[in-house]
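Worksheet for the structure shown next.
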Amino acid sequence: MSSIYTLNLTALLALNAALFYTRQKAHPTPPTSTPSPKPNPKPQNASPLQSLLTSPLTPFLTVYTLTMTSDWLQGPYLYPLYTSTHLLSPSSLPPLFTTGFLSGAISGSFIGSLADTHGRKKACLAFCAIYALSCLLTTISPSLPVLFLGRILGGLGTSLLFTVFESFLVSDFKNRGLEGRLGETFGVMSTLNSMVAIASGIGGEWLVAGTGTNKAPFWLAAGVLMVAGGVMKMTWKENYALNGGPDKKSDEEAKEEKSLFKTLSDPKILALGLSTTVFEGSMYLFVFFWAPALQSSSSSSSSSSASGTSLPYGVIFAAFMASTLASSLIFGKITERLPFGSLLLSLLGVSSLCFFLAASNTSSSQFTFWVFCLFEACVGMYFPTMGFLKGKLIDDGVRSQVYGFLRIPLNVFVVVALLVTGRMESDKAFVGVFRVCSGLLLLAAGGFWGLVVRKSGVDVQVE
C-alpha cells in the first residue's frame, strides 16, 4: 500500500522539479549589477521568486515563512499529542477543537478594528506572542482547563494570522505604489507556503522520532515564532488604516472612507465573503475527513483489505502539499491569460466537482487520492487569487476589520459541521459532508458570478 503512494509522491515531486526548471529557464538569473536606488527594483530577466526575495519585501516574506512554519509544525501532531501523550478520551476532543474555532469566530469581530486603529505591525507581533503561548500551554499539562485555554489562544492566533498579515502586506504595497505586483506576490507566498509545509512535515517527523515526544514540534514552533517576532521588530515599519494611527485623515476626508457596514453590505464583498466561507470551510472539513475517506476507500478494495496495512499518512500529506506547490508554480502563467474573477469561478467549480466525485466513488483509493490532489491544487491557487481580489475590492480604511468579520461565518460554518457530523455514528459520515460541500461550492460560484462578474463587471486582470 505504501509503495503506490510513494510512487505518487515521487511523480508529483518530479512534476514540481520540471516546473521549477521550466520557470528558471524562462527567467535566467540576471548578471550582477549595481543595485538600483529605486525602492523596489524588478530585474527584467528575474523570475518572480528571485525579484521578490532580493527586494525590500524580503523582511515580510521572511517573517511570513517563519510564521507559516510554526503553524505547519503543529498541525499534524495536535491529535496525537492529545490522545497519545496527554491520554485524553475521544469524547474530550470535539469540545477542544470546537473551542478553537469559536475563539476564532468571536475574535474576528474585534481584532481587525484593533489592528487598523493601533497598528498592524503591533497586531502581528501580538500574534507571535499569543501563538507561542498557545504552543506552550498545549504541552505543559494534560489538565483540561489548561488545554482549553491553549485552544482559545490558538483560535485567536489563527484569526490574527489570516487577517492582519495580509492587511499589512496590501497596505504596504499601496503605500509603495506596488499594487500591480500583488498577484505575483501572493503567488510567491503560496509557493513558499507549500514548500514550508512539506519541509515542516518531514522535519517534524524527524524531530518526534529523535526526541521521542509529540511535544517537540510545538516547542520548536514557539521558538520559530520568537525569531519571527524579532525579525519583525527590527525590520518592519508600522502601518495603519488610512483613517487611523498618527497620520489620521481630517474629519471631512474620513467621511469619504467606506464604513464597515457599508463595505460588508456591498454585493461584491458579500460574494467574496460567501466564497471565503464555503471554500475555506470546505478546506477545513477536508482536513478532518480526508484520512477516513481514503481509509474507507482502501478498505473497500479487496487487495488492500487482504494486506491489512495502514495508510502512509505522512507520504499522502506530502503528496497533497506537492500538488499545492505545483499549482502555485503555474499561478503566474495562468493569471497572465485568465482574469482573477474568472479564475476564482473556475476554482470554485472544480472544487465542487472534486467533492462530488469523492462522495460518489468510495471504492477506489487511488481515484479518491488523485481527486484530493486536484482539490489541493485548487487550494494552491485559491489563496493568492482571493488575496488579490480582496486587496482590490476592500477599502484600506476598514481592511483588517472586514478580513476579521469574513472569518466569523467561516468558523461558525466549521463548528456547526463538526457538531452535526460528531453525532453521526456511520464511518462514512464524510460522504454527506462532501456532498454538502460540493453543493455549497457550486452555490458560491453562482453567487460570485451573479453578484460580481455579471452584475458589476468586475473581473480583474493582472496588471
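Just so you know, glycine gets a Cβ as well, placed from its N, Cα and C.
Note that this is a predicted model, so its numbers are computed, not measured.
Positions annotated as compositional bias 'Pro residues' by TrEMBL: 28-42. Summarising the annotation, TrEMBL assigns domain 'Major facilitator superfamily (MFS) profile' to 51-456. The feature region 'Disordered' is assigned by TrEMBL to 25-48. What TrEMBL lists as signal peptide is 1-28. TrEMBL lists 92-111, 123-142, 148-170, 182-204, 216-236, 269-291, 311-331, 343-361, 367-389, 401-420, 432-453 with the feature transmembrane segment.
Here the transmembrane segment (216-236) does not touch the transmembrane segment (432-453). Their Cβ atoms form fewer than 3 pairs under 8 Å, with each pair 6 or more residues apart. Here the domain 'Major facilitator superfamily (MFS) profile' (51-456) returns a mean pLDDT of 83 for the predicted model. Most Cβ pairs under 8 Å to the transmembrane segment (367-389), among the stretches 92-111, 182-204, 401-420, belong to 182-204. Within its own chain, the transmembrane segment (432-453) has Cβ neighbours under 8 Å at 267-268, 270-272, 274-275, 277-279, 281-282, 285-286, 289, 293, 341-342, 344-345, 348-349, 351-356, 358-359, 417, 421, 424, 459, counting only residues six or more beyond its boundaries.
Listed stretches 92-111, 182-204, 343-361 were compared with the transmembrane segment (311-331); the greatest number of C-beta pairs under 8 angstroms is found for 182-204. Counting C-beta pairs under 8 angstroms (sequence separation of 6 or more), the transmembrane segment (148-170) reaches the transmembrane segment (401-420) with 3 or more such pairs. Counting only same-chain residues 6+ beyond the ends of the transmembrane segment (401-420), those with a CB under 8 A from a CB of the stretch are 94, 97-98, 101-102, 104-105, 107-113, 115-116, 155, 159, 162-164, 166-167, 260, 263-264, 269, 272-273, 276-278, 280-281, 284-285, 288, 390, 394, 433, 436. Outside the transmembrane segment (182-204), and at least 6 residues removed from its termini, the chain residues within Cβ reach (under 8 Å) are 48-49, 52, 57, 61, 64-65, 68-69, 72-73, 76-77, 169-170, 173, 217, 220, 314, 317-318, 321-322, 324-325, 327-329, 331-332, 335, 340, 380-381, 383-385, 387-388, 391-392, 462.
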